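Colleague: Can you keep this structure in mind? I'll have questions shortly.
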Amino acid sequence: MLWILGPHTGPLLFDAVASLDTSPLAAARYHGDQDVAPGVLDFAVNVRHDRPPEWLVRQLAALLPELARYPSTDDVHRAQDAVAERHGRTRDEVLPLVGAAEGFALLHNLSPVRAAIVVPAFTEPAIALSAAGITAHHVVLKPPFVLDTAHVPDDADLVVVGNPTNPTSVLHLREQLLELRRPGRILVVDEAFADWVPGEPQSLADDSLPDVLVLRSLTKTWSLAGLRVGYALGSPDVLARLTVQRAHWPLGTLQLTAIAACCAPRAVAAAAADAVRLTALRAEMVAGLRSVGAEVVDGAAPFVLFNIADADGLRNYLQSKGIAVRRGDTFVGLDARYLRAAVRPEWCWWRRLPMGKAWRTHDAVRLADVIDVLDQAYPPRLAQSWDSVGLVCGDPDDVVDSVTVAVDATPAVVDQVPQAGLLLVHHPLLLRGVDTVAANTPKGVLVHRLIRTGRSLFTAHTNADSASPGVSDALAHAVGLTVDAVLDPVPGAADLDKWVIYVPRENSEAVRAAVFEAGAGHIGDYSHCSWSVAGTGQFLAHDGASPAIGSVGTVERVAEDRVEVVAPARARAEVLAAMRAAHPYEEPAFDIFALVPPPVGSGLGRIGRLPKPEPLRTFVARLEAALPPTATGVRAAGNPDLLVSRVAVCGGAGD
């Protein structure tokens, strides 16, 4: 089969040649980009963003006039020095690569006699070794794909393992990896996705070990798939052997500059902040997939491996909806039950496609179904009193074929919404002082254009800002904060009382049962909740009293239980009546405490802590790298050397 992937001849030529090879290894050279067609939402390839950050694009673009010159030794040294500083290594322990995959293509230069590859794993090492006439032994891990060093042959003089592993996403412990070291063996650790793990706790990249070779990729983290950049870390002796037959000047100036830029402290900080955000998003994806019956492999990489009934049917169904996911059966050790999906913010849209048997029945999605999902994610009650959120136009019974997300409903945006599509915007089109949507008004003409073509408009504004998770959380994660508070929390509903009832021990169960029947004792998904402690009650009955225990004029001491329950404040009358009816005393002793509502995770803004204190100037650079570029950029006031550790964030128009 000839795949035409775009205007570049490289992929075209590769697939034309690959089609002539029908060997199992050639079949294993299937990659996620083969699932992706133009205009498709790409969950098959693990590239972090759709394009590199603006600061990196500008830095590379500035070099375009210099492409007439060959790269210099200084260019190479700058790249090596940046990597060395990033990992605490020396220059001669760093080898710039044309992507981490080039490192696999060079492994045959180490002349292994018996190579072992821990799988499921990236398929290129086996393919590269096979092309050089070296047979690789596959060490197949069974679910949950945790490393078992006992299964690796002792006589293997080259062992390749991923950490975290592609495609399983499993993160092996560094202690387990170090157990694989043997005299005369080179351990190769593929850390292409290690910088996606907050703190990189299991990485060996910072360890100067004579027999360990670490391969790192910058391609996916910095969205440079069209440039291909990475590096190897190892002893000078191993790197010299690795490059013995390498071509002269394998990397160009753009690649070397990209390596240096992406390993600079500012870039490393930005990537670390992004890793925190992606970890939270990954947890959301995992929970969503498990909620529909998928078995998700525990992992830490920027992709999720899961198996689900009729996985191939689901993949085709998602493809019909313009969504590409990676099939798993081309990886050694996996079969057709497995799919891999990249962690992307757009998950919040395809996660709500009807699951269950939907990809076999092609059930239609109504606008009302989408509204239910949006109202759960962004409850309208969280909107500010002045705000206008919810459905602006559209018939809830209509079928929705697509969702287009935008900040504002402008004419240019409306033109991009497909027929029978929903336009979800953040800023309301209709807010204050609107008394007409006549087609001869700027806003009215947009509403009429949407209605005429069967398109819908929905707004999620301050309710999306306040929701948890919501816009405020996304902003905090983008900056790299660990959130510990809400800036302006939504007040909780004060509708809970704590009752303390003193009752003779032999009557305590009857009183409990009575107040439970009246509505007390409910906490979340639990009922009949109470607490008690034994004690002694004392009272003196006066003339006119009719004591159930003891007599008038005598101090009485009774073995009693102190029974505590919670009950809705609105049920005070019912609980009181039930308690009096079941209590043996003429005048029961009890207390009612109105409880302060617990803090909620919803509200405008978030407060959080940085991974470690940093100067204001560094924090500003962090913001520039993490947030989308604007015309005015990031503005700050204060002492640039002042340390910043705790930060409050709040989305808004800035006015």
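The backbone N, Cα and C atoms fix where each Cβ goes, glycine too.
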Colleague: The divalent metal cation site in TrEMBL includes His426, His427. Which of Asp395, Asp397, Asp465, Asp473 is also listed there?
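Modeller: Within the candidate list, TrEMBL flags Asp465.
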Colleague: Other Cβ atoms within 10 Å is the metric here; tell me which of the binding-site residues His426, His427 scores highest.
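Modeller: Of the binding-site residues His426, His427, the highest Cβ count within 10 Å belongs to His426.
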Colleague: What other residues of the same chain, not counting His426, His427, Asp465, have a CB atom within 8 A of the CB centroid of the divalent metal cation site?
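Modeller: Close Cβ neighbours, site residues excluded: Val407, Val425, Pro428, Thr459, Ala460, His461, Thr462, Ala464, Val471, Gly651.
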